[in-house]
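One structure is given here, and the rest of the page talks about it.
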Amino acid sequence: MADKHISVLEFLFGGGLIETLIVIILFLIGLAVCYFFVVRVLKLNKENKVDPYLIKNINDMLSEARVDAAIDFCRRDDSPEARCIEKGLSRVGRPISEISNAMETQAQVEVHYAEKYVNYLASFSGIAPILGSIGSVIAFASIFSGMSHTSIDSQQVMSAAFYKALSPALVGLIVGFLAYIFNNYLVAKIDYMVMKIQYHTNEFLDVINKPA
């Protein structure tokens with residue numbers, strides 16, 4: 001007797017209506033996870049490019065009292081640390097504490113923009129496995145409910161139903177795992193950006209606070 005193999009599509013979408021809807025929702029969540037990840041990676045890769053001569057160029061301009069030129073230079077650089085330093089340059093001549101607070105506030109803004117969509121990935125990493133488990137529990141409950149009306153001759157059909165009932169949980173785990181990995185990867189990139197901002201702003205404070 002030939003064995004009956006269940007295709008991938010039948011495994012994923014061969015369950016009941018509720019389970020199929022949950023699998024579709026999980027696939028949509030998976031697409032959203034991939035989209036958010038790609039968008040953030042491209043943005044953070046751009047933001048994390050470092051100009052090794054940023055502080056040196058600013059120092060040279062300030063030594064010539066060219067504050068406006070230094071501000072224009074930061075605007076052209078358009079990196080998170082340059083935008084923070086620009087805030088400090090716009091307050092040159094005021095107390096160091098005021099300059100530091102202005103740069104710290106801008107740094108918080110930069111981190112807020114960098115974290116856009118990342119909280120969604122953190123949420124999806126927890127929601128997807130739970131949603132998948134709910135779908136499988138509903139599928140198993142439906143199977144057990146129908147077993148009392150099933151004859152012994154149709155046990156092969158029931159075993160196939162058990163097999164397909166696992167699809168929501170499997171898809172949920174895969175989507176949740178990807179969201180978890182992507183989230184941690186982006187958090188590491190954001191931490192690097194924060195470190196980069198702190199380093200350059202501290203170097204800038206040293207430049208404007210050095211003895212004449």
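Placement of Cβ uses the backbone N, Cα and C atoms for every residue, glycine included.
Because the structure is a prediction, the values reported are computed rather than measured.
The domain 'MotA/TolQ/ExbB proton channel' annotation in TrEMBL covers 78-198. Residues annotated as transmembrane segment in TrEMBL: 12-39, 120-145, 165-187.
Long-range neighbours of the transmembrane segment (12-39) within the same chain, counting only residues 6 or more positions beyond its ends whose Cβ lies under 8 Å from a Cβ of the stretch, are 6, 117-118, 120-121, 124, 127-128, 131-132, 134-136, 138-139, 142, 161, 164-165, 167-168, 171-172, 174-175, 178-179, 182, 185-186. As a summary of secondary structure, the domain 'MotA/TolQ/ExbB proton channel' (78-198) carries 105 helix, 2 strand, 14 coil according to DSSP. Summarised as a single figure, the pLDDT of the domain 'MotA/TolQ/ExbB proton channel' (78-198) averages 86.
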